[in-house]
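Report on the following structure.
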Amino acid sequence: MTRQTYSIDQIKDMLLDRLGDVVYHYAPPASGSYTHHGLYFTLNPGRADRTVGSFCIHMGGAKAGRWIDYAMAPRGGERTSCASGDVLDLIGLSLGLSDPGEILKEARAFLGLETVSPDVRRQRERSAAEAKRRREDQARRDALEAEKRARRAQALWLEASPELRGTPVDHYLRDARGIDLSALGRAPGALRFHPACWYQHTDKETGEVIEGRFPAMLAAVCDRKGGFAAVHRTYLGRGRGGAWGKADLPEAKKVMGDYRGAAINIWRGTGPRGGKPASLPQCPPGSHVFIAEGIEDALSVVVLRPAVRVIAAISLSNMGGVELPRNVARVTLVADLDEHEQAQEALARAVELHRKAGREVRLFQNRWGGKDLNDALRQALEAEREKEDADD
């Protein structure tokens, strides 16, 4: 009997046509598994994963079959901040296979390509071709939707006011975070104030929907070329004493749009001879960039080192994935003092990714008390106030 040959793409298409079966077999449900926004979360079948949350698989759309593990180091040669792969890689991950030939052999066996009749084989080929067409159509729709989200994000940011003095943003940063914008001489251009920004949150376990309008600090998230990618929102509210802080919401910080590889350009620093500095995309050769995780830590760097260029990566997983211009030769990663194993691994990956990109990497972690740099800044300000009160 002649062995039917198939291309790798044909085998992938057949696997994706039966993605539910593939995932159930090679990444089975575990305690705590769930599906959210088309992503299936379960334990990583390729490592000693103890809790659900870092490993997920796209179950539909243009990325169907692709998986990612935010707590796992990337494979050799990958310029990403974490491990990822396609549906064939999922099979290899599950069974500990690295030889492409062995993975394809397993895939053929799963699909029954060695034993099915010609009629069944042709039916599967037609079904796989139709599934491929649907995915390509979905990919085009996804690309258009991503463009729409970016435009909506920019429109929301443009709705907000660049004037921050006296606003809840000003009060929140000064009173809750110890960051006095007036002392900087100018407000960061990426930040704006929205008096009534729409908020919506759905609890993934109960289905409860929380929505409404709240004051918010908005931040423009831009890609390497300066294009608008997303908008970061920090929702604000008054505490019991009337002071402004983060709103009492399930997730007071949200992002509209895709921020992977992008960042918030918080501060340009000082240009040559004290002049006006260039934008990040136009920065001169040999530039040094400080990369913090959040906006508040980034602004804390500005308070302490106003002459340096500072950006916020939004998340630890994005610190290593931020795409920077070639002229950036050095980076200082301003990281939280987080002792959790996953956080330490993610930070190590970020350092390695920037080094692989040819940059000198320095690491700063707060050793003065508290978890992050902003904690240290606030503690220092509080100690200074106590000293002044004692002197009085």
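Using the three backbone atoms N, Cα and C, a Cβ is placed for every residue, glycine included.
Look at TrEMBL and you will find 121-145 tagged as region 'Disordered'. According to TrEMBL, the domain 'DUF7146' annotation covers 147-265. According to TrEMBL, the feature domain 'Toprim' maps to 289-381.
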DSSP-assigned states of the domain 'DUF7146' (147-265) in counts, ordered helix, strand, coil: 26 helix, 49 strand, 44 coil
Residue counts (helix, strand, coil, in that order) that DSSP gives for the domain 'Toprim' (289-381): 39 helix, 22 strand, 32 coil
